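Here TrEMBL flags 136-158, 178-195, 245-271, 283-310, 445-466, 486-510, 563-590, 602-623 as transmembrane segment. What TrEMBL lists as region 'Disordered' is 706-769. Residues annotated as compositional bias 'Polar residues' in TrEMBL: 716-731. According to TrEMBL, the feature compositional bias 'Basic and acidic residues' maps to 751-769.
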Amino acid sequence: MSSDYDSVSPGTDDTPYIRFAIDQLTRDEEVRGSRAYPHPSTGAEYSADRKIYDEGLGYSASQRTQKATFVAPTADRASTGLLPTATRSSHIPSADANLGEPATSQFLASSQTDILVPFDQDVPPLRFLPSILRPLWLAIFLFLLLWALIGLLAAGIWSSTHLGFEHYTQLGGSRYFVYQYLPTFLGTLLFLWLLQIQIAVQRVAPFIAMASMSSRSRAEGPLMTMLPTNFLIPNLSYFRAGMPVLGSCMVVFWLQIFTLPLLTCLFNVFYFGSPQTGSWRWLAVQGVCWTVFVLYVLLFVAVLTLCVWLKLQRTGLKWDPRSLADTIALLDRSNITRDYANTEVFHDAKDFRARLAARSDRIGYWHTSRKPNETFYTIGEEGADIRRYTLERGSIQEKPSPVDHSSFPDTPTTPGAGLAGDLESGVDLDAARWRHLPWYLKPSMVLLWSIIAIVLYLAFLIVSFVNRAVVHGFNPLTNVEPSSAGFSATNFTFSFIPALIAQFLFLAWLSVDYSLRRTQPFANMASNDGNGAPAERSLLLDYPARLPVSVTVTAVLCADYHVAWFSFMTLITACLPMLAGGCFWAQFYVSTQTVRVAVETSGYYALCVFLAFYAFSLPFLFVGLHSRKLPHAATTLAENVSFLYQSRLLGEREWRAPLGSKTELVTRLVTATTARERELNSGEGRFVFGRCIGRDGKTHIGIDRVGREGARSMGDTLTSRHSSGSTSDLTPQRPRAAHTLLAKPSVGTPFHEKVRSSFHGEDRREQYL
């Protein structure tokens, strides 16, 4: 091992013994695999001699290995659908070849590169969809939408053929609520449901792209946004990914933000009859009614098209990918991680696109070229070699690929972004760790939003209540006379504009709320005390995928009160368009014989209270804001993989296939108390995000278990650095094998059992993990 203290036999190099024991442990399966599945191959090969002192074990002093040259995919291959394939020369050892060496050594010496091959036969179809995207729930949504269309159609036709609906009696009351608040309230319920459909589509779309037959879509899949980031502008990335159906649906979904302001001015009053015998009656505003009708027809067609399209697609999913744990489970046997070398220090999506643009990863079932009968589920690159491990300096480390991005730097497109070789050249990991926040959550912007919101709110109160302006009304300065179609410039202006502003406030709040939701797992794992967080408060958190009420309750139970409050405020802000658009009304005052804009007091007072919650909640964004900082955003699959590709969680038994369901994964994470955890003194399974020792033995920024050597919160790092007044370089550290990856065997244990115990009973061989 690395030192006499860590060695099983002090004073003696144990490496040849361990290699010999590993060969014996894997001998039967290697022999069976080589005999049962001999594969011819072609292509360039090279040999590397490894000088090993065998000490009479019969272990070859010069072990020759063969590796197939892996050709990195190019943009041309990705665009034409041609994938790189690793090829091997035909070489089957004879019975008397290398006579005198152990049989396993002969087979290892002659083994060819093992590559991933997609497998689609005799396996369950990967067509999982979240519940809200299944035909039943989409059919229920369409049914409710159909009733809304019928209501709009009936209102528009009845108002144009009859003398309105009923008499207008007073400002306020039950009839006023029905005509001014109820349509917007029902529209808000449909809109909130539509948002959840949109979020679910956004979550599964990258995996649908990676499961498609189009190399263009597969190349874009890891770079597509999985989590909602901005609700104010439409998401057009689906057109670039070759998914025009989804792109068109998202544009139609975005157009629905205008339905709520329009619904606030759907009804108006018109004077029917002579001045002596006539009366004011409610009627539907024709232009507004048919505009909303068209928008809902487009929505009906879009959702129906989405339902059919999803039914015809392979999603590539076995369950809903709602959390970091789901991503780790997809990477357990993946071979794509090597191309993510040092991406945790990348700055933004442009750097990821520059690195991964030529890739064409696929999600689904696979087998290896040497074991075609063993299928497993993962994200992989077709034709590329599998992950391989070796024993180096007393620790189990992943072998670098023949083409490894860590050996040469990229050129990031963003100034100051991390380079591919930065971690090995002494980049300041602390600076990279605390670099990124969404622009609207930066401290200066939060301060600006807070000041603007509070000042505007106070001005709103002063204007409203000084001289009792809301009671006496104010001059509208617009044409107040309604047309025969029910349109009034005054009522439209003082309903649509306030509701549109309130809708903007609601969508802006949604962006803030979902930013807090998606960063909460990292904030919990980056606690300053270095204790990290248990699985249910870190890897299993799925706040962005939860429904509005569910996320608030779950956040309270998990003691994430910040998320609980802001998610609760989302429900409050959802009422703003309804209140802002319904409380203003052009009222005729008999005493003065004038028309003035008055307010419906109950709705106006509720609006004032809700706006107070909105304005005075913004300063609370400062609470825990620092712990939400990341090296870069974590909204795409590629960005999440950059924090996991070197994590020693990959390959642990909790993620080990076969995982039949999400329930099984959650059960393993929450209830498992393994021997490994006891050795690491972690007590319960707690996880930390920060500096950690990767599977290559070097320092990275990622997720690891608390208690494992090298895994620590960056908060502790910053504290120690500030207290010492120095900024020491972050030299990559290697864990002590006897205390981290390799368990210390007891005296008297047979040597092959000692080596077996170092793998904790897992099938961790040099061949594959």
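Glycine is no exception: its Cβ is also placed from the backbone N, Cα and C atoms.
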Sequence-remote contacts (6 or more beyond its ends) of the transmembrane segment (602-623), Cβ cut-off under 8 Å?
172, 181, 441, 443, 446, 449-450, 453-454, 456-457, 460-461, 464, 470, 505, 509, 512, 562, 565-566, 569, 572-573, 575-576, 579-580, 582-583
Using a Cβ-Cβ cut-off of under 8 Å, list the residues of the same chain that are 6+ residues beyond the ends of the transmembrane segment (563-590) and lie near it.
171, 180-181, 184-185, 188, 192, 260-261, 263-265, 473, 476, 480, 488, 490-491, 494-496, 498-503, 505-506, 509-510, 512-513, 516-517, 520, 543, 548-549, 551-552, 555-556, 596-600, 603-604, 606-607, 610-611, 613-614, 617, 620
Are there residues at least 6 beyond the ends of the transmembrane segment (245-271) whose Cβ is under 8 Å from a Cβ of it, and what are they?
155, 164, 168, 179-180, 183-184, 187-188, 191, 194, 197-198, 201, 205, 231, 233-239, 278-285, 288-289, 291-292, 295-296, 298-299, 301-303, 305-306, 309, 482, 484, 486-488, 491-492, 495-497, 499-500, 503, 507, 577-578, 580-582
Return the stretch with the most CB pairs under 8 A relative to the transmembrane segment (283-310), choosing among 136-158, 178-195, 486-510.
136-158
Taking a Cβ cut-off under 8 Å, which residues six or more beyond the ends of the transmembrane segment (136-158) line up next to it in the same chain?
165, 186-187, 190, 193-194, 197, 266, 284, 286, 289-290, 292-293, 296-297, 299-300, 303-304, 306-307
